[in-house]
Each structure stands twice: as structure tokens, then as C-alpha cells.
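This structure is in C-alpha cells; I'll ask about it shortly.
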Amino acid sequence: MVTSLIVRLVAWSVRRPVWVVVLSLLIAAFSGVYVARHFKINTDISKLVDAEPQWAALSQAVDRAFPQRNGTILAVVEAPAPEFATAAAHALTESLQKQAAAGRIGPVAEPGGGPFFEHNGLLFLSPQQVADTTSQLASARPLVNELAKNPSLTGLATTLSTTLGQPLLTGQVKLPSMAKLLSRSAATVDDVLAGKPAAFSWRALVDNDAARQPARAFVTVQPVVNYGALKAGAQTSDVIRETARALDLEKRYGAVVRLTGEQPLADDEFSSVEDGAALNGVVTLLVVFVILWLALRSKRMIASVLVTLFVGLVVTAALGLAMVGSLNMISVAFMVLFVGLGVDFSIQYGVKYREERFRDERIDHALIGAAHSMGMPLALATTAVAASFFSFIPTAYRGVSELGLIAGVGMFVALLTTLTLLPALLRLFAPPGESKTPGFPWLAPVDDYLDRHRKPILIGTLAVVIGALPLLAFLHFDFNPLHLKDPHSESMSTLLALKDSPEAAVNDVTLLAPSLADADAAAKRLDALPEVGRTTTLSTFIPADQPEKRAAIATAASTLLPALTQPPAPPATDAQRVAALKRASDLLGYAAEDHPGPGAAAAQHLSQSLAKLAAADSATRDRAERAFADTLRIALNQLAALLQPQEITRDTLPPPLVRDWVAPDGKALVQISPKVPKGVDPNDDTMLRHFATAVKAAEPGAIGGPISILHSANTIISAFLHAALWSIISITILLWITLRRFGDVLRTLVPLLVSGIVTLEMCVVLGMSLNFANIIALPLMLGVGVAFKVYFVMAWRAGQTGLLHSSLTHAVLFSAATTATAFGSLWLSHHPGTSSMGKLLALALTCTLIGAVVFQPVLMGKPRVKRAKNQSQGINE
């Protein structure tokens, strides 16, 4: 009945080709207008997975209470010295706050910086650390006084000369204790002389953490997002970069601003997908043209196939938008699917038409004969493929669910256009007749070999596949989405550089507590877990033992503030600067000779460097002035601020800081960071899994970070398992209804399952992990695999033998080559996730093709009935 309907449909199209073509083009035109007016793509990746109500409620509660924390952009200010990094971050923050007031961007903050931390930083040390620090500062009063009196290159050279005089001779100062100062000074002068970015950090002399290069400071910006654009946060990122350029931070401080955070990571991900897409698309199209030529051997046939594909694709796009409203970053892949499988249908019909045309020159008869031969296989393949795609609709993975809906409908569109528009176009274009039947006659000996050794090959294949099943225990799912991002993109490279920095907070999880008291209690419980490295609440910003600390700071301030606030000396002339540098160079040389041992080499090095600086031009000395004196002035101002702390209470905390940790309704946030053992990668999957499990067990309300990622991974894996189960059940029922023989159903499904199992086994052998991106390849290959298996089992049921060198294999191989080109081009993508999907698609397609072309004929054996004589020509029985 189905075959009869298809033959009548094709016959009707062949008799009225002009009407069919005109009607198809009109439908395509209307569909194109609809797509142009309604095309939308939602780039919000948080909407790709439908969370369970409980999980969604936890996440939404945090987002409602602290909306300013969602999708933040972290601007990382890098400079040669921490003094410059801090100053550049201050300047950037002040300027961006004006942009925020104008509504161009969201709220701006400076985590760990700003007036609050500048004045109260010492209060966050322990009482003993405060006592030691203030004692050292007080004993350094003479040096501080000299530096503050003349904070210039001349003043520094003079102070160094003074220190190398009487204090060194009397033993008050020892050369080894000056080694760090001298060696770092020499390195900075050398950078100045070499024309490199240079800055001398005074903080780094007493703080080893400040000596890390490059020095960093941070600014957070809440982006204004547009999920209708490919890069939703691009506007805010552009404002930040424009502001940094306008401030000339690189010239003033040697500072560079790099952006990372949730939104820049998403934006750069889409950029990496887009990068090279045009070139890959052109190359792919050219390769597809070549494959179509090899398969069809006719320009007119190729033109007919391409027009059919275009019409079907536009109609599918219109139907897809009508069904789902807007595409997402996964469902947009329906285009690749449609091209891959749409070409398959067209090639199957086209190759069969060529075979029929070889036997009968009459084009009408050949077109109808091809429909009679391929109508039922195409209809069954279409329905089976659509069923496999529709199996994803009930799952919680919305991205793939919508892809399954659109792709499934698209299969029926592809079938309809293949059986109407394609025959009509071929009738109008009237390709020339065929001189030989399609196929691979040179593969006939292989067919004979497989037929003679069927049982050993079958048993050996199944033994290898079953024997390798234990490998599946080592199949790894990489749940970390950061591994799917381009490590060379600005946002990802910056994040990797920050992997040991608490400001990145990539792997932190959060807990929303009813009050600050509850948050503090939860933090105390979580601190006891060995997997937890640090917890933070608003109370973290209210230091303990403040009276004791403030008293120690006040004692130091009484001696140091008068020196720090004295008016500086007037600027020296360049001649005075040269004289001071020469004197310091000479004294350093004498000190190195008179005090051999530790520190002498550094003194000699600096002596030579200062001599070169004195002999250089004034512009070089001006750069040295900025490298030493500018950072000194900033450091002295920071020291003066640190010596003037305020009492910190809940009421005196800055309102923006309070708002980041306590909501207006009193709910409070706990931020929990993992404990990273020494030598372990902060993004290690096993460590993060243990951390997430421990925190979730202790506090079921915890959400975010690895907890949310693991939940999403479990949801996606569950979605694919359920979809695979429903797909197999639906395909089995469909095959049973159509084939009416349980053995024939197994002859279709067993090669499909074997191909899938071998694909996963090869993933283990080749070290390929499954991830959020490439797992999508499995249902795609399920659809392609079902189609191939159906073609072969239907040909076998019709009595066809010698399948390997038949026109069917000719069509399947070139169809697979086209699909491989469409899918395999993803392998060349700059985006690691897309590239991994291309790799898995290539592997899965290879396994599927071998399963269909080689294993399935061996499994089926000789057909039950001989092929009808009128269909046997051109086929080696």
C-alpha cells in the first residue's frame, strides 16, 4: 500500500513537473519570508537543560536574592607591579561607574579593593601579624622619612648612597640583607634600558604574593545582556575595552585589561564557533559538490538535488521556528542534520534512478521505477530516523529535545521533497541516459569472500565486540564545561591564569541561608569538611580583635604619618639625577669589593646598570623615574591609608559589599571554595566531584559551580539513556509493523547496536571522553545508522545479493561521504567542543558504515527469495 501511494505520488509529479516545481518554489519563498521575519536564536545556555523543580527553585532563589552576581564580567587588570595594577583598577572603576550611571552597563565593583580595603586591610591580619608588621614599619621610620621626603629617582639614588655609607661600614646594614632590593632594582633598570615595560614593586619587597608576575587587580561589571545576539554581553565588553583605551592605562601604568567570567566565556565560545565557519562552509560545499558528482555523474542531477535540498531546508527552518519560537545553540544544528540526511535520501533515489535509466531509456519509466524500488525503503528509513529524533522530545535536555522535534519533522519534509520536487526537476532537466549501472564491480571478489567465510567472520566479529565490552567500564564523561572552551581565547586563557586565584571563583558553590546568623552557622559546619578550603559570609569582612589591632596600628601611625604626609622636595634637574646615579653606582661598586659574599654580585650588577642609566639619554631616565618613583608614591599613599583604619561593624560596612552578601529581605549567602591539595589541578574532575558530593551531603541547599554542573551532566546522561531506550523501542515496533518478521527486525537492529557499541569501545581505545558537546553525536549517528540498515535489509528481503558491489552500496557510500563531509567539517572548528563532536561523528559514522556495508550483509546471509528477473540486471547475483 505504501509503495503504491509513493509510486502514484511520483507519477503525478512526473506528469505535472512545472506545477510541482512552481508550487515548491512558492512554498519555499513564503517559508523564506517567514524565516527572515521570525528568525531568533537564544544564546542563553542556561536554558538548554530543564532543571527539576527543586533544583530550579534553589538556583532561582539565589538569582532573585542576588541578581548582581549572575553572569558577571571580571575585568582583570594586569601590570608590571601591584601598585600600578591597583591604581589602574581604581581609575577603571571610577570611569566605569560613570558609564553605569548612564545606563550603558550594570553595577561596577572592585573586589578586594577600593577605599574600604585600602584603609582597613591590616585589620584582616592576625593580631600577631599586625604586631609584627607595625613593629617593622616603626623601625623603618628613618627610611620611610627619606623616601617620602624625596620620592623620585634622584631621592632613591641619594638614599641608597647614604645607606651604603656609614650604616654599611658600622654594620647597621648588611649587604646580604639588601640582596633582594639590589637584584630587583637591577632587573628593573635593565628592563628600562632594554625598552621593556618596567616597574619596581615596593610591596613585593615585604610581600611574596605581591612579587608574582604579572601583578593583578580586579573589577567586576554586571553586563547588560541581549540573548537575541550571538554574543549577548558584547556591548558591555566593548564599553569596558573602550573605557580602558580612553584612560590610556597601558601608557600610564603599563596595564592591560583582560576580560573573563561567565558572560565573556559564553561570548568567546560563540566567537570560536563562528571563527573559521565561513571557510569551513565553503570547503565543505566544494567537497559535497565533488561527492555528488562521483555519485550522480550529471550536472543536471546535482542541480536538481541541490534545489531540492534548499527548498526542504527553508521549509524545515520555517516549521522549526513556528514550533519552538526561537532556536538555541543546539537546535540550530538541524541544518547540518537536514543536509546530511536530505542528501542521503536524494542520493538513494538518484542512484536508483540511474540504475533504472540504464535498463530503460525512457525517463518517466526510470523515475517511476526508482520510486517503486526505493519508495518503501525511503519511507521506512524516514519514519525510523524521525522516531529516533522524536525520542528526545520528552527529555529534560531542552536543547536536544527541540533539535529532535525539528530534525524529526525535517525528515518528513526531506522525504516529501525527494518524492515530488526531485522527480519533477529531473523530468524537466532531463539528464542524459546512463552508459553503465552504478556500483563497484571491483568489489565482487570481496562479496564472494564474505559469502564463503560468513560464519568465521560473524563469530570473530561478535567475539571481538563482546570481548571488548569490559572497556565500556572505562568510558569517561568529562562533566567540566571549561574543557570545551577554546584555551586560546581571551576569557579562557585569563581564567586559566587565575586558576589559583580566589577572585576567579569558578569552582565555588553557594548556599542561601535565611539569615546572616544561619549563614555563619552553616559556614562553621562546612569549614569542618576536609574537602572545603574556605567559606565566606558577610561576617568574614568584620575582623576579630579590632581594638588590639587598631591600637598597634595607631602606635605605628603616630610615628609614620608625619613622615608620610610631609611635603615632597621639588623635582631635581636631569643633571642632578645623573650625578646621584653615578654616586650610587660608585658606592655600590665599592661595597661589592669591600664586602664579598652574599649580596656582592647583586651590588655589582646594580652598579653597572646604574652607570649605563646615567650614560643614557634623558628619555630613558624619565622611564626609570616612572618605573621607580611612580610606584613609590603609590606605595607611600597606600601605607598612609592603611595606617588610618576605621572600626568595622555591620553598620559601617560599605552598602555595595553588604548587598553582595545579604539580600534586602535578610537572606544571606555562603560562598564555599574547594580545598585544592598541593600539586593538584584546581579543575581536577575527581577532586571537584568529591567536593560537590561532600558539600551537598552536608548542606542540601547548596547550588552552583561543580554541584550544578554535575547535576546537569547527570540530567543529560539520563536524557540520552531514556531517549536511546525509547528510540530502540519505537524503531523496533515500527520495524515489526513493517517487516512482520522478528528475524528481520533483528537483522536491522543488531548491526545498529553493534556499531554503537564499537563506537563507544573505540572511544576508550582512542582516549576520547564523552562530554556535553560530543554526546550529541550519538543520536545523530543513530538516525543515520537506522537509515543505512533499513536500506540493506529491504534490499535483502527483495532477494538482492552481492550487496557490496551493488548500486545500493554505491549510494550508501557516497551518501555517507556527503554526511561525513557535513559532519566532519566540525572537526576543523576552532571550538574544542565542536571539534570533539566532529571527531566522534567521524568515528561513529565509520563504525556505522562498516556495520551496514560489511557486517550486516554477513549477518543476513543469503536472501530467502531470489530477486525478480526484471530487477536483476546490472546486479551480480
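Positions of Cβ are set from backbone N, Cα and C atoms, glycine also.
As annotated in Swiss-Prot:
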type	residues	note
DOMAIN	302-428	domain 'SSD'
TOPO_DOM	1-16	topological domain 'Cytoplasmic'
TOPO_DOM	38-279	topological domain 'Periplasmic'
TOPO_DOM	296-299	topological domain 'Cytoplasmic'
TOPO_DOM	324-332	topological domain 'Periplasmic'
TOPO_DOM	352-373	topological domain 'Cytoplasmic'
TOPO_DOM	395-399	topological domain 'Periplasmic'
TOPO_DOM	427-452	topological domain 'Cytoplasmic'
TOPO_DOM	473-718	topological domain 'Periplasmic'
TOPO_DOM	740-743	topological domain 'Cytoplasmic'
TOPO_DOM	795-809	topological domain 'Cytoplasmic'
TOPO_DOM	828-836	topological domain 'Periplasmic'
TOPO_DOM	859-877	topological domain 'Cytoplasmic'
TRANSMEM	17-37	transmembrane segment
TRANSMEM	280-295	transmembrane segment
TRANSMEM	300-323	transmembrane segment
TRANSMEM	333-351	transmembrane segment
TRANSMEM	374-394	transmembrane segment
TRANSMEM	400-426	transmembrane segment
TRANSMEM	453-472	transmembrane segment
TRANSMEM	719-739	transmembrane segment
TRANSMEM	744-766	transmembrane segment
TRANSMEM	775-794	transmembrane segment
TRANSMEM	810-827	transmembrane segment
TRANSMEM	837-858	transmembrane segment
Same chain, outside the transmembrane segment (280-295) by at least 6, Cβ under 8 Å from its Cβ: which residues?
302, 305-306, 343, 347, 350-351, 438, 810-811, 814-815, 817-818, 821-822, 825, 828-829
Going by DSSP, how much of the topological domain 'Periplasmic' (395-399) is helix, how much is strand and how much is coil, in residues?
2 helix, 0 strand, 3 coil
Check the transmembrane segment (744-766) against each of 300-323, 333-351, 374-394, 810-827, 837-858 and return whichever range has the most CB pairs under 8 Å.
837-858
In the same chain, who gets a Cβ under 8 Å from the topological domain 'Periplasmic' (395-399) while lying at least 6 residues past its ends?
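Tertiary neighbours of the topological domain 'Periplasmic' (395-399) are 47-52, 328-331, 715-716, 718-720, 722-723.
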Looking only at residues six or more beyond either end of the transmembrane segment (400-426), which have a C-beta under 8 A from one in the stretch?
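That would be 6, 9-10, 13-14, 16-18, 20-21, 24, 300-301, 303-305, 307-308, 311-312, 315-316, 319-320, 323-324, 327-328, 330-331, 333-334, 337-338, 341-342, 345-346, 349-350, 353, 363, 367, 371, 375, 378-379, 382, 385-387, 389-394, 719-720, 723, 776, 779, 783.
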What stretch of 300-323, 333-351, 374-394, 810-827, 837-858 shows the most Cβ pairs under 8 Å to the transmembrane segment (719-739)?
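The listed stretch sharing the most Cβ pairs with the transmembrane segment (719-739) is 374-394.
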Looking only at the topological domain 'Periplasmic' (828-836), what is the model's average confidence as pLDDT?
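A mean pLDDT of 77 is what the model gives the topological domain 'Periplasmic' (828-836).
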Tell me if the transmembrane segment (453-472) touches the transmembrane segment (374-394). I count contact as 3 or more CB pairs below 8 A, with pairs 6 or more residues apart.
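Result for the transmembrane segment (374-394) with the transmembrane segment (453-472) is no.
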Who are the chain neighbours of the transmembrane segment (17-37) in space, where the CB to CB distance is under 8 Å and they lie at least 6 residues beyond its ends?
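Same-chain contacts beyond the ends: 310-311, 314-315, 317-319, 321-322, 417, 420-421, 423-425, 427-428.
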